[in-house]
Each structure stands twice: as structure tokens, then as C-alpha cells.
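Step one of this worksheet: look at the structure below.
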Amino acid sequence: MKLTCVMIVAVLVLTVCKVVTSDQLKKLRRECYLEPGDSCFHDDGRGACCEGTCLFGINCVASW
């Protein structure tokens with residue numbers, strides 16, 4: 001029983017770590033630095049928004 005609980009916890013921890021690492025790697029690969037709601041007015045719109053796009057050259061908005 002203890003071994004089963006330990007294995008379940010280990011799988012959950014590894015899954016969470018993988019998701020966090022995957023998100024960080026995605027941001028690094030895209031070289032993005034703006035989050036939704038951040039102003040992208042002075043940016044040329046080439047991937048600066050980490051999620052979504054630069055809407056009307058004003059703010060980053062998340063994809064729907």
C-alpha cells in the first residue's frame with residue numbers, strides 16, 4: 001500500500017515538473033517576454049507575446 005502511494009505521488013510530482021519545465025522551455029524557445037495584458041505598443045509583434053498575439057499593436061491577448 002505504501003509503495004503504491006509513493007509511486008502515485010512520484011508520478012504526480014514528475015508530471016507537474018514536466019509541465020512547468022515545458023512551459024518555461026516554450027517561452028525560452030519563442031524568446032517571448034510579454035504576458036497577456038502587457039503593452040506591446042513599442043514591439044514589432046514578432047513573438048514578444050508569450051500567449052496569443054499583439055492585438056492592434058496595443059496589448060498582448062491570450063488565444064481563445
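Cβ atoms here come from the backbone N, Cα and C positions, even for glycine.
Per Swiss-Prot, the feature signal peptide maps to 1-22; the stated evidence is sequence analysis.
CYS32 (disulfide bond) counts 16 other C-beta atoms within 10 Å of its own C-beta, drawing on all protein chains shown. DSSP assigns CYS32 (disulfide bond) to coil, not to a helix or a strand. Summarising the annotation, Swiss-Prot assigns disulfide bond to CYS32-CYS50 (among others).
When secondary structure is read from DSSP and collapsed to three states, CYS40 (disulfide bond) falls in the coil class. For CYS40 (disulfide bond), the same-chain residues that are 6 or more apart in sequence and have a Cβ closer than 8 Å to its Cβ are LEU34, ALA48, CYS49, CYS54, GLY57, ILE58, ASN59, CYS60. According to Swiss-Prot, the feature disulfide bond maps to CYS40-CYS54 (among others), an assignment based on a curator's inference.
Taken from Swiss-Prot, the feature disulfide bond covers CYS49-CYS60 (among others), and the record attributes it to a curator's inference.
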Disulfide-bonded residues: CYS49, CYS50, CYS54, CYS60 - member with fewest neighbouring CB atoms within 10 Å: CYS50
